[in-house]
Amino acid sequence: MPRFSLSRRALGATGLALLARPGLAQPAPIRIGELNSYARMAAFAVPYRNAMQLAQDAVNAAGGVMGGRRIEFVFRDDGSTPGDAVRVAEELLTRENVAFIAGTFLSNVGLAVADFANQRKRLFLATEPLTDAITMAQGNRYTWRVRPSTFMQTKMLVEAIRGRNVKRWAIVAPNYEYGQSAAANFKRLLPGAIPGAEIVAEQFPALGRVDAGATVGALGASRPDGIFNVLFGADLTAFVREGNTRGLFERRTVVSLLTGEPEYMIPLGEETPEGWIVTGYPWEQVETPPAHKAYVDAYRARFNDTPRKGSLLGYVTVQIIANLLNKANSLDNEALIDALADLRTDTVVGPVTMRGLDHQGTLGTWVGETTLRGRQGTMKNARYADGADYLFPEDEVRAARRSA
Amino acid sequence: MEWSFLLVQALSGLASASSLFVIASGLTIVFGVTRIVNFAHGSFYMLGAYVAVTLVPWLLEFDRSPWLFFAGVLVSAVVVGLFGVLMEVTLLRRIYRVPELFQLLATFGVVLIVQDLVLLAWGPVDIPGPRAPGLRHGVYILDQRFPAYELFLIFVGPAVLALLWLLMHRTRFGVLIRAATQDREMVGALGVNQAMLFTGTLFLGAALAGLGGALQIPRVSANPQMDLSVITEAFVVTVIGGMGSVPGAFLAALLIGQLQAFGVLVFPKITLVLVFLLMAAVLVVKPWGLLGRPEAAAGRAVLPEGILDPRPLDLAGKLLAAVALLGVLALPLLDAYAVKVGTEVLVLALAAFSLNFLVGNGGIVSFGHAAYFGLGAYGAGLLVTRAGLPMEPALVAAPIVGGASAALFGFFVVRLSGIYLAMLTLAFAQIAYAVVFQWVEVTGGDNGLVGVWPSAWAASREAYHYLTAAVTVAAIVFLRRVIHAPFGATLRAARDSAQRADAIGVDVRMHRWLGFTLAGAAAGLAGGLYAFSKGSIDPTLLGIPLSVDFLSMILLGGIQSVLGSIAGAAAFHAVKDFFMPLTDHWRLFLGLSIIAMVLIFPRGLAGAWASLRGRAA
């Protein structure tokens, strides 16, 4: 068993290092704090952490960063509330002596940690929170976001329906910031893509508590031609089942955020609707760059599971971090921030640049249509939408970030 | 709007009502007999769904017949009923002699444990259940299509109601359940085997929750968030109907089902708070719910649960307090993180102390104490971020906001008593939560507001720690003084017997209202301090989970002790802080720790200290 011999070798090395101290000691690894909702959002966060460990080991096996130093992630649960997350961030910075912090899932948690990072003047790489505020109105010098924001993903979808003759639209979104801002972005972008389009109904069920029957009924009653859906997770499954049975989606264009991601596609199973226009991650269809296939194979071999969108995000994040450390060649946070501005990294999905203007990464996502293959949903006609093409316009960013 | 659409929407409401009733009926029966506010009821619902999505597909492999589907659903319900028996026999039975509230803490521990065990057993990915064979299709009602399965669900509620009626009126077990619901002590005095009765009731209650969960699998996937999504609504149904009343729960479920079905048409954004508005309205008009009755024990002299006779600290107590205070002051000698945690413990201790001022001293059990904590935090935070004021005036405003909102809500709350009072505090807390959540322009919505940092002189962790220590210790000493003062004694008198207190000329309602306001102000102050220690405010500060945390703290500390809640806050926070960095499954260990403490210290940490000192608390 290679793993055992490896760990024994590691033990031996540790023993040697102890004996040889202080003269020949290896340079200490660079510790990076990673806090996320591993307990509450395990379906996303555990594949994310798996991929981060995979990437961390790949970086270290290739000789580490900054001329031979290893990187080491310290993972912590953020408790899924801003109060807990800020305490955990404090613990990572003071007790674990991490160089900087990354992670978080929920937008309110991400924003609270971002402001904390600003206060402590430490880099915070917000990986998952989608809220536009984190790079716009509430953006700060120390906070950078990797994933395409709500605005960017909504824009990708609106571009995909440009010019279609679908005039009457209904919106269904979970009643919290993500859902509301996706709905607001959609309303804002729609007239530019389909002149004369109107919103005929809006439904905002409480997150995790959609009353699917009543909601589907209310949407159907407005007789829309198209539906923009922002529901995900358990709400989405309930909504799709109810909508399928009641024929809500028949002869209608449905546009749906995140639905193509394996996290949300797998639970839909054979209920996966046909032909929804979605953002997602058809990992088995991604051919370029070749590094993507290598990453998928390594992930499947090590964890005996298929990669999720979270996995991709985790892997790309580590690649960006390794590149950042090499470029800055320092753990001074001010130097790291300066190096991160417009830093271009070649990742498993191609180049990703951290735009210096609004601290938003240009990581993209895939836009395509849902389809059922066997008893499992997947995407067809998917193409990679590069985030660089969907960023906020520069003057808008300047206006929004003026206070920051 | 067309008639056919309104009809179908009403049918959707009936289907939801039916599902809700099946779950709530179990909760109301368990409460009626055992007086346990069973937080774990939602966990049983979740277990029902998970057992069913495992069992039913396996059964359908043999034959895709509707009978096997429903047999699977019923077996799942029975399995969950056995989980209920397990909880009763191993846990609840051991603590029937301690204050009734303490069992609430134990069931909260079970909630935490089940959440993580479900993740361990079934994994984090939502599991979709199979559709019911023969009921997969839609049925045309006029020109609208309606799911056949929901048509079937509409009839399940009345069927369960009829079966429960038969059970209650035609079997000896049912007669005993009704008798115990009316007067539990009398049933015990007449020689009924209470252990058997309680075990049977828990089986019935858990099985109904499991049935409710199993019946949902063709509609929703089994997911780890199901438990909390259903428990508050189930509570609302039981309270509106009258705790312990099965027909009342049926009526309330019908009301809520229709309210939601048509509410989404008129107010698509506030469906969640509609039910709490309804509950608050019902309780203000009918203090015991629609079909509930005043508690039989309401006029009877019972041994009160809470602070009996506050005495001055003895020498050992003084020493302990001095050591604790010195420890707090010496924390900066340890490390920066210890200071941070110490600051939080101080804030939580003040919040918990203010809650025990209500619960232990006043007999006013609040399930929504976080509302005043959170509103205080918002009062302070909004002044800083929106009005640009510095920290000092904002910290003065925090208790004023907390106290003012407590005065407003308390005006209605103190008219009630017991569990209905607790539920009204919960309703008001949820209404406050909804306001903060929805009023995005002012409060920042669920993203909250950031930039709530202390003034420059208190910006360092140490300086802010000492500021917090000075303020919280002063506030706690003041509240303790109030407990010892005649005002505190009056509150205790009103708690022990409202009628006798009234007879000797005490204005019971006025005193309780003042007490409620004072506790709200103290909680608001704690909230303000908390906001500045975190730098941000958001709606979780008003949420039910934080209210439950506060309750856990005072119960762990011991509600019969004046200072115990401080120890409870410290212990609760320390345990959480110890396990969170260690493992993803920290909720499992937190739950186990709570249950261990419940079993080892059935009178709380302060009770354990008192028995160590060889005297009754």
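Glycine is treated like the rest: Cβ placed from N, Cα and C.
So that you can see what the record holds, here are the features copied from TrEMBL:
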type	residues	note
TRANSMEM	B:6-31	transmembrane segment
TRANSMEM	B:43-60	transmembrane segment
TRANSMEM	B:101-122	transmembrane segment
TRANSMEM	B:148-168	transmembrane segment
TRANSMEM	B:189-214	transmembrane segment
TRANSMEM	B:262-285	transmembrane segment
TRANSMEM	B:315-334	transmembrane segment
TRANSMEM	B:346-374	transmembrane segment
TRANSMEM	B:394-414	transmembrane segment
TRANSMEM	B:421-440	transmembrane segment
TRANSMEM	B:463-483	transmembrane segment
TRANSMEM	B:553-575	transmembrane segment
Which one of these stretches, B:148-168, B:189-214, B:394-414, B:421-440, B:463-483, has the most C-beta pairs shorter than 8 Å to the transmembrane segment (B:315-334)? B:463-483
Would you say the transmembrane segment (B:189-214) and the transmembrane segment (B:43-60) are in contact under the rule of three or more C-beta pairs closer than 8 Å, pairs 6 or more apart in sequence? yes
Cβ contacts the transmembrane segment (B:346-374)/the transmembrane segment (B:262-285), at least three under 8 Å, sequence gap 6 or more: no
Folded-back contacts onto the transmembrane segment (B:421-440), same chain, C-beta under 8 angstroms, at least six residues removed: 37, 232, 235-236, 239, 269-270, 272-273, 276-277, 279-280, 283-284, 364-371, 374-375, 378, 405, 409, 412-414, 446, 539, 542-544, 547
If we skip the immediate neighbours and take only residues 6+ beyond the ends of the transmembrane segment (B:394-414), which ones have a Cβ under 8 Å from one of its Cβ atoms? 280, 283-284, 364, 366, 371-373, 375-381, 383-384, 421, 424-425, 428, 432, 471, 509, 512-513, 516-525, 527-529, 531-532
Take the transmembrane segment (B:189-214) and find every residue of the same chain, 6 or more past its ends, with a Cβ under 8 Å from one of its Cβ atoms. 19, 22-23, 25-27, 29-30, 33-34, 38, 41-42, 44-52, 56, 72-74, 76-85, 87-89, 92-93, 96, 160, 173, 176-177, 179-180, 222, 226, 230
Among the recorded stretches B:101-122, B:262-285, B:553-575, which has the greatest number of Cβ pairs closer than 8 Å to the transmembrane segment (B:6-31)? B:262-285
The transmembrane segment (B:101-122): which same-chain residues, six or more beyond its ends, come within Cβ distance under 8 Å? 34, 36-40, 42-43, 46-47, 50, 54, 87, 91-92, 95, 222, 224, 227, 305, 359, 365, 548, 551-552, 555-556, 559, 585, 587-588, 590-592, 594-595, 598, 602
